[in-house]
Amino acid sequence: MKVLVIIALCFFILQTALSEDKYESFESYVEDLKSGNMKGEARECIPLYNDCKEFKYNNNCCKDPEKKYQYKCSCIMCEGGEEQCTCQRKETVENMMKCVRFVKKVVEKVG
């Protein structure tokens, strides 16, 4: 039962994290994971207001003056080969990466 809840949570996080036009369904995302197509994944990028690419963790967008949350610079590869980075809450980035690793392990065991 716990596994189903974790998979459901991962599904929700992945669906919100992935662009809808890139992946129409979770099944296609899993197929890409199985085939290894995710390594050089490029996405269409949008203009950013909190770009942290140049400074990574030292950028002001990654600092919370009230020290309420920790932020982490999260990057994706754009279609033109350019990297785009934004600051996100550290917990969000780490939870998303845990879900991706979990889904990869499940796919390896099932596939």
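Cβ coordinates are placed from backbone N, Cα and C, and glycine is handled just like the others.
The disulfide partner of C85, as annotated in Swiss-Prot and taken from the candidates C75, C78, C99, is C75. Annotated pair C87 (disulfide bond) and C73 (disulfide bond), C-alpha to C-alpha distance, rounded: 5 Å.
Of all the recorded positions listed here (C73, C78, C99, V110), C73 has the Cα closest to the Cα of C85 (disulfide bond). With respect to their backbone Cα atoms, C73 (disulfide bond) and C99 (disulfide bond) stand 18 Å from each other.
Using a 10 Å Cβ-Cβ cutoff, C78 (disulfide bond) registers 14 neighbours.
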